[in-house]
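Colleague: The structure's right below; bear with me while I get my questions together.
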């Protein structure tokens with residue numbers, strides 16, 4: 001398979017694009033992370049989400065420590081070819097490192113960010129390995 | 001109202017964060033654009049999505065030309081405070097400048113990006129004013 005589809009992506013100057021992970025069953029937006037060319041290729045080849053960690057500056061197979069792997073059901077690209085949208089099956093039902101289903105657990109309510117979602121599993125327990 | 005909630009957002013060096021617009025009724029991810037501090041404040045104050053256009057380098061009240069305004073039902077922030085998620089009512093049922101419901105109309109199928117979604121209204125007609 002040629003990799004011309006990878007060239008269609010409008011990688012930024014630093015070689016990244018944002019990738020949204022959306023729960024394929026519920027439609028909930030779980031998280032946004034970043035992908036470089038290699039991360040996207042590995043995601044396609046493995047069927048599991050692989051991101052580029054900007055803080056750790058390395059590839060990050062989501063769930064490698066926590067077990068919260070994302071099985072990828074569909075990959076879409078937007079009209080500017082600079083954002084990726086993944087439909088995923090979230091293993092363990094937890095995408096966020098805080099132990100919540102989604103990273104978007106803060107809602108703006110009358111001038112305050114309010115944490116609306118419960119912690120399903122404590123990070124200490126998730127990352128105890 | 002103080003604006004301490006705006007200070008909670010982890011603005012990038014260029015003062016922006018990505019903002020995802022999701023259809024509040026269907027859960028479909030419609031588009032991703034960028035917001036600066038002023039765009040987010042105006043979004044909250046007006047109840048309609050206002051973005052920062054990186055290409056035109058100015059505030060962009062979504063729908064100002066097309067009529068495809070986004071009524072904002074909810075605003076969320078992620079765990080790193082650097083991505084915004086809007087739940088919107090998409091006026092006209094079209095978010096994309098190509099005349100499609102969503103900007104994510106290309107799906108990866110066996111090594112090719114395939115346009116899966118119909119154009120609902122031609123851009124010529126949308127932007128004829």
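Keep in mind that glycine also has a Cβ here, set from the backbone N, Cα and C atoms.
So TrEMBL lists the following for this protein:
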type    : residues          : note
BINDING : A:78, A:80, A:82  : Mg(2+) binding site
BINDING : A:79, A:96, A:103 : Zn(2+) binding site
DOMAIN  : A:31-105          : domain 'Phosphoribosyl-AMP cyclohydrolase'
Colleague: Check each residue in the chain of residue A:82 (Mg(2+) binding site) that is at least six apart in sequence and keep those whose C-beta is under 8 Å from its C-beta; list them in sequence order.
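Modeller: Set apart from residue A:82 (Mg(2+) binding site) by at least 6 residues yet with Cβ under 8 Å, we have A:9, A:10, A:11, A:12, A:17, A:18.
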Colleague: Going along the chain, which residues six or more apart from residue A:96 (Zn(2+) binding site) have their CB under 8 A from its CB?
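Modeller: The list for residue A:96 (Zn(2+) binding site) reads A:30, A:31, A:102, A:103, A:105, given in order along the sequence.
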Colleague: Identify, among the binding-site residues A:79, A:103, the residue whose Cβ has the fewest other Cβ atoms within 10 Å in this structure.
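Modeller: A:79, out of the binding-site residues A:79, A:103, has the fewest neighbouring Cβ atoms within 10 Å.
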Colleague: Using the structure shown, find which entry in A:78, A:80 (the binding-site residues) has the sparsest Cβ neighbourhood within 10 Å.
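Modeller: Least crowded of the binding-site residues A:78, A:80, by Cβ count within 10 Å, is A:80.
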